[in-house]
């Protein structure tokens, strides 16, 4: 901007495209002060070096004419944080000079000439305060702003030269503190008094010269209330684009009779609300995909039944178990009236319990838990591969060399405790299921799926499986 008018300038349509650096790393350029870099706005900066003084003057001048810091940042190609910091410091202290990079401020040592002048002022006017003496030193050009002693230093000199009582000293210190707070350095009176008393030699320096431009104090703005017509216009524009450019915002501001800044803030808030609503909708859609109830990790199970150590001899099999290696199996969910311990009547040599002992022609004993029909309803049950021994798996794959068995297929009847033909099992199950239909919906049930003996050899034939609950059997299922 070459000239600054009182009104905020309108943005012009851009001319030919400018090639700004698009890479993620800033470009390095050579400057008289050293190696500089290019920021995201295209401006050159040097790390560790303050912003040049003429740019600081320009920032204050543009802010004095009512231009917003974001516009100043774009036009001067200075970062927004730098612009805000310079303006904030100028409002507080009236100075645009950069702060100290590091270290502490050197202690001011009062010269003898300054001490004599302080004593002279005090003799001429005994009621003069320390801050008044300090202002008079600046006004008479005895000191400049860099060498003038502080209020506390002047008070210390006065106490040493003019001895007073402790009460008078305390009263003087209290009054001086109150007056110094009223006319602090960053106050309007302090800035004006320092500027008026500044020596003429300092005005020629570019660093020490301060712009004499009062800035408007930032006041809290009342919340904007939009009318229905304005909201309708803004919503229509938001449906077209969520990120309108400066020209679209200005046109929309003219139609809605708002400022471009209010339109920009409204779009920012509207985008935030839209993102929040979109996230909530995605979460609801995801919840609809999830089934209503996942089974918990530990489902409530029915009380487990343990078989007593006493083995009951089945009435249908006259031969007792004589193999010491035979084991009594204790399934967890079965009622205590069933004991799976029997022998094969057609093979008296083996005297092995069906599916329980480990002999050369029989299956190895199952583990103490059965396989659930589906899913992890009971996490304590292993898979069926854990219940079969390697000898059984070898028998299933090798059908040769196995002695011939009778023609009848036998299946274990858990309710009678012995071996029965499959027809009798079905009959007995149908009789017991007449009064147990209400138990089909029990949550935890397990199936006992025993293998059968076939005519050609040992194999796993699909037979009817039974699910056992707490009180009886449920509907049969097959593999």
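Cβ coordinates come from backbone N, Cα and C, glycine included.
Feature annotation from Swiss-Prot assigns region 'Disordered' to 1-21 (among others).
Feature annotation from Swiss-Prot assigns DNA-binding region to 34-161 (among others).
The feature region 'PAI subdomain' is assigned by Swiss-Prot to 37-93. Across the region 'PAI subdomain' (37-93), DSSP classifies residues as 34 helix, 4 strand, 19 coil.
Marked as region 'RED subdomain' by Swiss-Prot: 113-161.
Here Swiss-Prot flags 165-228 (among others) as region 'Disordered'.
The compositional bias 'Basic and acidic residues' annotation in Swiss-Prot covers 172-188.
The DNA-binding region annotation in Swiss-Prot covers 219-278 (among others).
Annotation comment: Swiss-Prot describes 309-329 (among others) as compositional bias 'Polar residues'.
Residues annotated as region 'Disordered' in Swiss-Prot: 309-351 (among others).
The feature compositional bias 'Polar residues' is assigned by Swiss-Prot to 338-351 (among others).
Within the DNA-binding region (34-161), the DSSP-based counts of helix, strand and coil residues read 68 helix, 7 strand, 53 coil.
Taken residue by residue, the DNA-binding region (219-278) breaks down under DSSP into 43 helix, 0 strand, 17 coil.
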